[in-house]
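Look at TrEMBL and you will find A:6-26, A:33-54, A:66-85, A:121-138, A:150-170, A:176-197 tagged as transmembrane segment. What TrEMBL lists as domain 'Glycine transporter' is A:9-83, A:93-165.
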Amino acid sequence: MSPDFLLLFADRAGVFVFAISGGIVAVRKQMDLFGVIVMAFLPAIGGGTLRDLILSQPVFWLEDTQILGLAVAGGLAAFFFHRWLENFRPLRWADAFGMALFAVTGAAKATALGFGLPVVLIMGTMTASAGGLLRDVVANEEPLLLKKDIYATAALLGSAVYFVICMWGGDEALAFALGLAAAFVLRALAIIFHLSLPRSPF
Amino acid sequence: MSPDFLLLFADRAGVFVFAISGGIVAVRKQMDLFGVIVMAFLPAIGGGTLRDLILSQPVFWLEDTQILGLAVAGGLAAFFFHRWLENFRPLRWADAFGMALFAVTGAAKATALGFGLPVVLIMGTMTASAGGLLRDVVANEEPLLLKKDIYATAALLGSAVYFVICMWGGDEALAFALGLAAAFVLRALAIIFHLSLPRSPF
Amino acid sequence: MSPDFLLLFADRAGVFVFAISGGIVAVRKQMDLFGVIVMAFLPAIGGGTLRDLILSQPVFWLEDTQILGLAVAGGLAAFFFHRWLENFRPLRWADAFGMALFAVTGAAKATALGFGLPVVLIMGTMTASAGGLLRDVVANEEPLLLKKDIYATAALLGSAVYFVICMWGGDEALAFALGLAAAFVLRALAIIFHLSLPRSPF
């Protein structure tokens, strides 16, 4: 398998896993089938859509509708198998991988357009986590993303690593791999050791 | 009256009725006059605005400000007459008609831009129902749209009917009329027989 | 100091103060450091971002990343000094000034693009208040903006004053100054005399 194929496969897997996360929240909130599908779309394509709108780029899924099919599939998976999926440990790791991948993808898109570090950090983090935030806001839940867990911070780190390696003249593929690894490892450490960012102690 | 005039009139009526739905939620939430107007705008123009942003089209109300006046009028109607309007049965049917009309309008816009079925379905459904979703999210309410009732599903059906007839070489006006009818009839059946989509039984 | 420099300074101060308002809500909601920064961004750049997206303009902070630094600084200020800032009276006035400034800036952008009064009013009001609305929606709070206080109404007034003076052939700087003054004075009166818009009495 070529690296390009692997990457494409990983990207699609990320969409599917993120969609499941939305569908599970929807089932827990007792939404109907349509609500489950909508809630699957939010984390799967919400962050990338916002990124593309702000960067004045064509929204990525308009020309790549396979993405939409995978989002629907993730929603259906949650609808039918949520009980089993909620306690399915590997899903957490797939989600961490999806987050890392989305972050580096977003950072790469902004870097390719010539933006500097601040915008690259925002776009990487937004691609990885704005969809999950939208999911929680629409479900009328406290956005967990903003309250606990090192999640978006890992996306931030991955974006930064990608950008710095690119700026230092490193190979783009290397930057991609190391950014992805950095985000994933930090997220993994946070899961294993229950790491959290501090709250205001004042 | 020419069909074009009828369509224009129906479109404006749809905006007005959707605006009332937002205003009524606002009054119920004890919002002030400004809040009622803002909440009237969300269902009236929110879905179409999101559609135009994602399709990289000029936002429809920028050049057609009559729409904005009708949204304000719908908000004021809710502010002054909400007690009467809340129990006004025909409003339900006007809302169903507005939904059907918005769905087909959104589907037609995406079809005219050359998109395939998946994007057309999303755009039709989004035009008809994203504004109502926004309304509920901003009002900090559980989004009913995602929990019960066949509403967005009717918009989905109308968009599909429109697209399929266009693809089969049918007249655009015929596609519009049949799509509209399909969405409206399904919604009407849902109202009369209290049809709902299933929730996850698992 | 030239007027341009003053204006630039005031604009940056507005972003900083708005960011503090978001950070304070986040700390109160027990969000972590990342959540505080995200919540600082929403009021600081949310309204202007939405305005630029709808007007099909490049989003203002993509090319002016100092803005982003100030939003982060406002978030950090809230994180470390929220206890002190929450009861810091002058902040209220700085916020009122920021609102007035954002309103006139938004109105000026829409006017310069050739739009008429309805769109100018929406863009001025949106620039000044949509970010605060987003902040409350994401924090899962009842949006105060829509419930009490004359806040967005002051932004509406400032936008209207700006537009009318421009249309009457007045100097742009004069329109800016008087629009700013009108929005600020109305907001100040609302703070001092606890003015509110009416709710529906029906």
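In case you wondered, yes, glycine gets a Cβ from its N, Cα and C as well.
Distant neighbours of the transmembrane segment (A:150-170): 96, 99-100, 102-104, 106-108, 111, 117, 120-121, 123-125, 127-129, 132, 176, 178-180, 182-184, 186-187, 189-190, 195-197; these residues of the same chain sit at least 6 beyond its ends, with a Cβ under 8 Å from one of its Cβ atoms. By number of Cβ pairs under 8 Å, the transmembrane segment (A:66-85) is matched best by A:33-54 from the list A:33-54, A:121-138, A:176-197. Mean pLDDT for the domain 'Glycine transporter' (A:9-83) in this predicted model: 94.
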